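Record features (TrEMBL):
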- 2-114: domain 'PLAT' (DOMAIN)
- G17, D74, A75: Ca(2+) binding site (BINDING)
- W99: site 'Essential for stabilizing binding to COTL1' (SITE)
- 134-683: domain 'Lipoxygenase' (DOMAIN)
- H380, H385, H560, I683: Fe cation binding site (BINDING)
- 637-664: coiled coil (COILED)
Amino acid sequence: MGRYCIRVATGASLFAGSHNRVRLWLVGAHGETKLELELRPVRGQEEEFEHDVPDDLGPLQFVKLRKHHSLVDDAWFCDRITVQGPGAGEEAAFPCYSWVQGEGVLCLPEGTGGGSGGRTTQTVANHLHVSPARLAGDNALDVFQKHREKELKERHQIYCWATWKEGLPLTIAAGCEDDLPPNMRFQEEKRLDFEWTQKAGALEMFLKRVYTLLSSWNRLEDFDHIFWGQKSTLAEKVRQHWQEDEFFGYQFLNGANPMLLRRSTALPPRLVLPSGMEELRAQLERELQNGSLFEADFILLDGIPANVIQGEKQYLAAPLVMLKMDPHGKLLPMVIQLQPPSPSSPTPPLFLPSDPPLAWLLAKSWVRNSDFQLHQLQYHLLNTHLLAEVIAVATMRCLPGLHPVFKFLMPHIRYTMEINTRARTQLISDGGVFDKAVSTGGGGHVHLLRRAMAQLTYCSLCPPDDLAERGLLGTPGAHYAHDALRLWDITARYVERIVRLFYHGDDVVRGDPELQAWCREITEVGLCRAQDRGFPVSFQSQNQLCHFLTMCVFTCTAQHGAINKGQLEWYAWVPNAPCTMRMPPPTTKEDVTMATVMGSLPDVQKACLQMAITWHLGRHQPDMVPLGHHKEKYFSEAKAKAALNQFQTDLANLEREITARNEQLDLPYEYLKPSLTENSITI
C-alpha cells in the first residue's frame, strides 16, 4: 500500500502521440490494481501521475496497458513506462520502444532485473517490447518460457523469408515498404527526408539536362556543365586531380572501394607479357621481390552480359591492374590489361603510363568503371545490405525480446529492412536505376551478384582475416585498413563484455537453443547453406560467439560506412567513376582520341542520373545515429550499461586519434570516424 509515481514516455518522432485513450494497471507479486486515470499520449512528452494504492502489490512485475479507440485506431509509439513505488525503493522500468496498435491488453515486463513477464493479448506491433535479458533456461516460471515460445511463433508469421533472385541471400517477404511490419518502417521524419531528397535530386537532374541542351558535350571539361549543386570539398579535389596516377592508385587503398586491392605473391597467370616487354617484366619482378607489388583483378566481370539502354549497347571489361608502392608510400599503376586472355585474343593489349596520354587515361577510366560495378554490387549491396538483412530477419524470427543477443543487435538493424526493400523496388528492379544508367543493369547485375555470392566467405567479412589474406596489414597510407582494424578491436571488446555477462561458460553458449537456432537460420536459411564458405552452423564457445557478433555489428555499422559514404565524393565527378561505358574497350593505343574518350564515357542523361543517385545515397543523413549512441535502453542491467559507456569512451578516443592523423593529411580519411559512422544501415 502507498503512493506510486508513474511516468509514461512517448517517442519524439512525428505522429508518435495518440488521440486514443490509454489505461494502465500495475501488477505486483502480491496483487494487481487498475489505475483510475486515462491519458492521451503526447509526442515527445513524459507524463507523470501519482496514484494511491490501498493494497500491498509487492515487487512490481508488469505494467499492463490498453489503448481504446472509437472510430480511428491512432497508433502510439511508447518509449517506456517507469514506476516509483512507496518509500525510497528502486524505480522500476518497463521499456517498450514500439508502436502500440489495436485494443488488446499489453503486458510489459519489469525491466530492471526484479521480474519478467509475458503479454496477455498481442498489441505491440511486431512484439518488440523489452525487459531484463534472459536466456531460455533462465525462466524460473513456466509462464515466461511459454511467453518466449508464443512470441517467436507469432514472429514467424510476421517475418517471413522470400527469394528475390535464386542463388542470392533470402530477404524479408515484402513487395514494397508498405508491406513491412510497422516497427521495421522508417519513422516519419526519415520517410519525408528520403522522399524529398529523391524529388530534389530529380529536379536537379532535370535542370542540368536542360542546361546542357545549349552546351557542347565533346570535351572532358564539358562535364563541368553538370558539376554543380550537391557536392563536397573532396569531390572538387577529385575533379581537379582524377587524371593523376597517384590519385588513381590512392583510391584502391582509401577510396569508395578499398576492398579489392591485394599484395602480389606472384605475377598473375592472366598477365601475358609479349616479347619486347622484358623491361616491364624485370620491373614487376623487382617490385615483387621487394614486397611492393600490388594488384587489383576484376576477373569477376569476365563474361557478364552488358546492359542495353534505350536500344544502345553498353560495354563491360574485366581489367587487371598492377601497381607498385614507391618509397614515399605512393601507390602507382604500372600496367593495365583490360581483358583476360581468350582464344580470340591470347595476348591482350597492355596499357602503360608511357602510352599516349588519352590511351592511358581511357584505360584507367575502364578500370574505374569496373570498380564502380564491383563496389556497388559485390561490396556494397551484397556484403553489407543483403547480409545485414539476413541478420535482421533471422534475429526477429529466432530471438525473443528477452534474449540478450536480441537486445544487443536491435539498434544495429534499425531501418535495414525498409532501405533494402526500397532498393529492390527502385535501384535494382526491372526498369530501376541500374537498368537506366549502369553497364551491369538489364540482368548483368544479377549474374554478377550470384558470382560474388559464391565467393562470399566468413573470413572476408572480418577485417583481421581479410586484410591479412590480402597482404595489407601494415601497409603505409592504408587508412581504411588501419581504422577498420581499430574499430573491429573496439567493437570486439564491447561484444565480449556483453557476451560474458550472460554466457558464463562455453557450455552455456552450447546449451542455448534460441542462439543455436539463430545461427543456423543465418547460415543455412538466409545465406543458402553458406557453411562451405566458413559460416558457422552452431556456436561452441564464447569466443566463437563473440567473433560472429563482432562481424554482425561491424558489417552493419563501420563496413557499410566505409563503403557507402565515399560515393558522393568519389563518384560525383563522373569521369572518375563512370557508371557505364558506351564503346568497347580499346584494342589499340594510337587511335584513341578525345572523341573516343567522350564516346565511351556516360552521356549527359546517364551522368546526371549518376550524380543524383550518388548524392541521394552518399549524403549525411539528418536523423543519423552515431555508432554506439542509440537512445533506446534495451539493456537495463547496470553492467550492460557500463559496457556501452566504455564502448562510447573507446570510440571517442579513436575519434581523437583519427582527427589528429587527418590534420597531417592532404586527403583526410573520415569514412570510419566513429562520429560519422551510423549505428545501422539506413541508406
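From the backbone N, Cα and C atoms, a Cβ is placed for every residue, glycine too.
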CB-centroid shell, 8 A cutoff, Ca(2+) site G17, D74, A75, site residues removed: F15, A16, S18, H19, N20, P41, W76, F77
DSSP three-state assignment for H560 (Fe cation binding site): helix
Separation of alpha carbons, D74 (Ca(2+) binding site) and W99 (site 'Essential for stabilizing binding to COTL1') (Å): 10
Assigned element (helix, strand, coil) containing H385 (Fe cation binding site), judged by DSSP: helix
Residue among binding-site residues H380, H385, H560, I683 with Cα closest to the Cα of A75 (Ca(2+) binding site): I683
For the domain 'PLAT' (2-114), the mean pLDDT of the predicted model: 83
Inter-residue C-alpha distance, D74 (Ca(2+) binding site) and H380 (Fe cation binding site) (nearest angstrom): 38
CB within-chain contacts under 8 A for I683 (Fe cation binding site), separation at least 6: F194, I419, N564, L617, Q621
G17 (Ca(2+) binding site) versus H560 (Fe cation binding site) - Cα distance in angstrom: 33
Mapped DSSP class for W99 (site 'Essential for stabilizing binding to COTL1'), helix or strand or coil: strand
Under 8 Å by Cβ from H380 (Fe cation binding site), counting only residues of that chain that are 6 or more apart: H560, I563, N564
Cβ contacts of G17 (Ca(2+) binding site) (under 8 Å, same chain, 6 or more positions away): T10, R40, P41, V42, R43, G44, Q45, W76
Same chain, 6+ residues apart, C-beta under 8 Å of the C-beta of H385 (Fe cation binding site), given in sequence order: T416, I419, N420, A423, H560, I681
Among D74, W99, H560 [recorded positions], residue with fewest other Cβ within 10 Å: D74
Chain-mates of H380, H385, H560, I683 with C-beta within 8 Å of site centroid, Fe cation: L381, T384, A388, I419, I563, N564, L617, I681
